[in-house]
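Participant: Have a look at the structure that comes next, please.
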Amino acid sequence: MPGAGKTTLGRALATAFELPFRDLDEEIVRSEGRSVADVFQADGEEYFRRREAEVLRVLLAQQPRLVLATGGGTPCFHNNLELLLETGLTLYLAVPVPELVRRLQHAAAARPLLARLPDAAALEARLSETLAYRQRFYDRAPLRCAAPTCTVEAVQHLLATYQASA
Ligand SMILES: Nc1ncnc2c1ncn2[C@@H]1O[C@H](COP(=O)(O)OP(=O)(O)OP(=O)(O)O)[C@@H](O)[C@H]1O
Ligand SMILES: O=C(O)C1=C[C@@H](O)[C@@H](O)[C@H](O)C1
Ligand SMILES: [Mg+2]
């Protein structure tokens, strides 16, 4: 979900595993030469999702060994989840909606899907609706860690257990 900690944990995991880190939103921004908000505003979500799927495919083809922070919506469009499940090991950061609200309430305006909401209650309602729809996608990740224990050490432990059972 937005604000779940993908970038923070992703960077730390990349350092721990000595892998390059990439953030899919940043790759889209670089490829488009404009911000995510500008893409949404000028060309709409459908265009953004198309570009997101294309940039994801180009990135994975160019750089198959990496830690990638996706966007919150990435697994829910254009069979991106199937691609991620086939080509890598996916981790879902499960963060309760009230905690997401705390993290995002002062940063929602810059986010196209969370902008123009009147207050924290409206933000909470929007995030709850979004998560209710997305949960079915997120739950297909083979690895899951729940806040507040989404640490590098917790993920290393999850990985060791996963690899031992594979
Ligand atoms: N484990 C954590 N505990 C508490 N706060 C955290 C944690 N991880 C990240 N944060 C804070 O939550 C906010 C969002 O973190 P981050 O940018 O890593 O999330 P994200 O999933 O990448 O968000 P985005 O939707 O912007 O891509 C930041 O203010 C960050 O400092
Ligand atoms: O949750 C989402 O759908 C989004 C999250 C951001 O990371 C961006 O990818 C974009 O704002 C859409
Ligand atoms: Mg991020």
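Any Cβ shown, glycine's included, is placed from N, Cα and C.
Just so you know, TrEMBL annotations are computer predictions that nobody has curated.
Computed from a predicted structure; not experimentally measured.
So TrEMBL lists the following for this protein:
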{"type": "BINDING", "residues": "GLY3, ALA4, GLY5, LYS6, THR7, THR8, ARG111", "note": "ATP binding site"}
{"type": "BINDING", "residues": "THR7", "note": "Mg(2+) binding site"}
{"type": "BINDING", "residues": "ASP25, ARG49, GLY72, ARG134", "note": "substrate binding site"}
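On this model, are these features tucked inside or out on the surface, and what's nearby?
Facilitator: Its own atom aside, the Cβ of ALA4 (ATP binding site) has 21 Cβ atoms within 10 angstroms in the protein chains shown.
Counting Cβ atoms from all protein chains shown, THR7 (ATP binding site) has 14 others lying within 10 Å of its own Cβ.
In the three-state DSSP scheme, ARG134 (substrate binding site) is classed as helix. Note: ARG134 (substrate binding site) has non-local neighbours MET1, GLY72, GLY73, PRO75, CYS76, i.e. same-chain residues 6+ apart with C-beta under 8 A of its own C-beta.
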Participant: Are there residues of the same chain, six or more positions away from GLY5 (ATP binding site), whose CB falls under 8 angstroms from its CB, and which are they?
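Facilitator: Looking at Cβ-Cβ distances below 8 Å from GLY5 (ATP binding site), excluding near sequence neighbours, one finds LEU93, VAL95, ALA147, CYS150.
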Participant: In the structure shown, with every protein chain counted, which of the binding-site residues LYS6, ARG49 has the densest set of Cβ atoms within 10 angstroms of its Cβ?
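Facilitator: Comparing the binding-site residues LYS6, ARG49, the most crowded Cβ belongs to LYS6.
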Participant: Rank aside, I only need the closest one: which of the binding-site residues ALA4, LYS6, THR7, THR8, ARG111 has its C-alpha nearest to that of ARG49 (substrate binding site)?
Facilitator: ARG111
